[in-house]
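Each remark here refers to the structure printed beneath this line.
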Ligand SMILES: C[S@@+](CC[C@H](N)C(=O)[O-])C[C@H]1O[C@@H](n2cnc3c(N)ncnc32)[C@H](O)[C@@H]1O
């Protein structure tokens with residue numbers, strides 16, 4: 001049988017612009033970073049502060065990072081590493097912190113620095129990564145106190161060992177993680193060749209692992225609305241941790257002018273819920289992120305079922321004899337040669353998926369619908385089943401895709417759920433199990449939807465019957481009406 005359309009399961013990450021084939025991990029042990037990074041502050045401890053944190057706080061106060069004389073928050077050691085602790089009762093929506101622009105680290109900071117002249121035209125995150133690594137290597141860096149409280153690692157999957165990654169076997173998160181590491185490596189090789197090596201006197205010896213560390217720091221500490229061109233690190237504010245139970249996101253922070261007579265911008269952070277003295281001030285990082293995205297960016301996942309997503313990639317094959325017509329129709333309905341459909345656990349099929357699928361599978365005696373006279377109405381036709389053959393083909397293709405994807409996992413959902421019942425599970429293992437169980441559940445859900453559809457193939461109403469009905473040629477019971485000549 002010729003493949004008339006192509007379906008694949010693939011990564012949904014939107015940050016990586018290239019969709020090149022993913023390379024497997026190198027089996028080499030990661031090289032030791034040449035930079036001396038501070039001891040992990042993520043270790044479990046009952047202390048609420050540390051010398052590095054006290055030095056940082058002193059720096060924050062001396063420099064006037066926070067203007068208020070009696071601050072409502074103070075950094076402290078918390079179960080999530082470092083966090084912001086309320087110094088008194090804080091009410092909902094109260095501003096807890098305002099950090100002036102001169103203490104932000106963004107592209108402008110890099111441009112204004114000694115390495116600025118080498119960084120023109122770089123992506124903001126790449127320039128900031130170079131800046132962080134250079135400052136980290138300088139004993140007398142003005143950012144020393146801040147750099148010393150940055151974690152040496154997080155639980156983001158980009159920092160996992162190969163053994164830890166093997167727990168993600170079969171998942172889209174694994175492909176996304178490999179893609180992210182490949183992306184960082186290719187950016188590093190470019191910047192190494194074009195900037196670091198020709199200007200050795202300005203840069204420390206930076207390895208790909210150092211660059212990956214900087215990438216991880218930036219991804220885990222950037223506020224979701226301040227990414228891309230507006231990428232910015234905000235010392236102190238970036239100690240805020242995430243609370244899954246908070247469901248408001250946008251009102252927690254804003255950039256505003258510094259007052260009537262000041263032209264300086266401020267990053268202003270609010271408490272989205274009231275907090276008692278001594279408790280942590282927390283925010284919602286991003287309601288839109290899936291568990292896989294949370295795992296990649298921050299190294300944690302949530303329990304909410306709808307954080308589990310799976311992306312199906314559908315494609316009109318170039319070898320399809322109707323390729324051009326199908327592409328025209330897809331494009332005039334906001335889709336393209338390749339279309340990505342994100343499934344959310346427990347939700348119905350993504351909109352436009354069925355019409356696109358039916359379009360991709362269209363052929364044989366249904367191909368007349370691709371003729372130009374139907375161009376304005378074809379999408380409406382595709383919203384409903386076209387023919388038994390077409391509907392059967394899409395069911396088979398999707399179910400095959402689901403079954404193939406499911407066979408790529410190393411464990412069953414039941415085994416995962418048993419593991420999750422264990423106490424004191426390693427946080428990375430727990431994260432892997434949660435994400436892989438979520439992906440499998442969605443694949444089973446999609447398979448179930450198309451299995452049920454297969455059972456309905458004989459009773460569904462198809463294009464030809466609808467057409468005859470519209471023309472008044474079919475009775476209520478589906479019987480063809482004949483007109484006897486009088
Ligand atoms: C913006 S930083 C917050 C400050 C960070 N806790 C630190 O020690 O520097 C984001 C990182 O904090 C940790 N984190 C934040 N919220 C968390 C949560 N709800 N559960 C687990 N880790 C969390 C993760 O390591 C994440 O990558």
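Including glycine, each Cβ sits where the backbone N, Cα and C put it.
A TrEMBL annotation is a machine prediction, not a hand-curated record.
Remember, it's a predicted structure, so these values are computed and weren't measured experimentally.
What TrEMBL annotates here:
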type	residues	note
BINDING	221, 241, 242	S-adenosyl-L-methionine binding site
BINDING	221, 225, 238, 253, 285, 298	substrate binding site
DOMAIN	63-286	domain 'SET'
Take every residue in the domain 'SET' (63-286), average their pLDDT values, and give the whole-number result.
-> 93
For the binding-site residues 221, 225, 242, work out the Cβ neighbour count at 10 Å and name the residue with the minimum.
-> 225
Other than 221, 241, 242, the chain contributes near S-adenosyl-L-methionine (Cβ within 8 Å of their centroid) the residues 80, 83, 220, 238, 239, 240, 283, 285, 298
Are any of 238, 253, 298 (the binding-site residues) within 10 Å of residue 221 (S-adenosyl-L-methionine binding site) when you go C-alpha to C-alpha, and if so which?
-> 238, 298
With respect to ligand 1, which members of the binding-site residues 225, 241, 242, 285 satisfy a Cβ distance under 6 angstroms to one of its atoms?
-> 241, 242
Cβ neighbours of residue 241 (S-adenosyl-L-methionine binding site) where a neighbour is any other Cβ within 10 Å | 18
Checking the binding-site residues 225, 253, 285, which are within 10 Å of residue 242 (S-adenosyl-L-methionine binding site) at the Cα level?
-> 285
In DSSP terms, helix, strand or coil for residue 221 (S-adenosyl-L-methionine binding site)?
-> helix
Spatial separation of residue 241 (S-adenosyl-L-methionine binding site) from residue 285 (substrate binding site) - C-alpha basis, Å = 8
Minimum Cα separation from residue 241 (S-adenosyl-L-methionine binding site), reported as the residue among binding-site residues 225, 253, 298 that achieves it = 298
Count the Cβ atoms, other than its own, that fall within 10 Å of the Cβ of residue 238 (substrate binding site), considering every protein chain shown.
-> 22
Filtered by Cβ under 8 Å and at least 6 apart in sequence, the residues in the chain of residue 298 (substrate binding site) near it are 154, 155, 156, 219, 220, 242, 285
Might you list, by sequence position, any residue in that chain lying six or more from residue 253 (substrate binding site) with a Cβ less than 8 Å away from its Cβ?
-> 223, 225, 237, 267, 268, 269, 270, 283
With H, G and I counted as helix, E and B as strand and the rest as coil, say where DSSP puts residue 238 (substrate binding site).
-> helix
In DSSP terms, helix, strand or coil for residue 298 (substrate binding site)?
-> coil
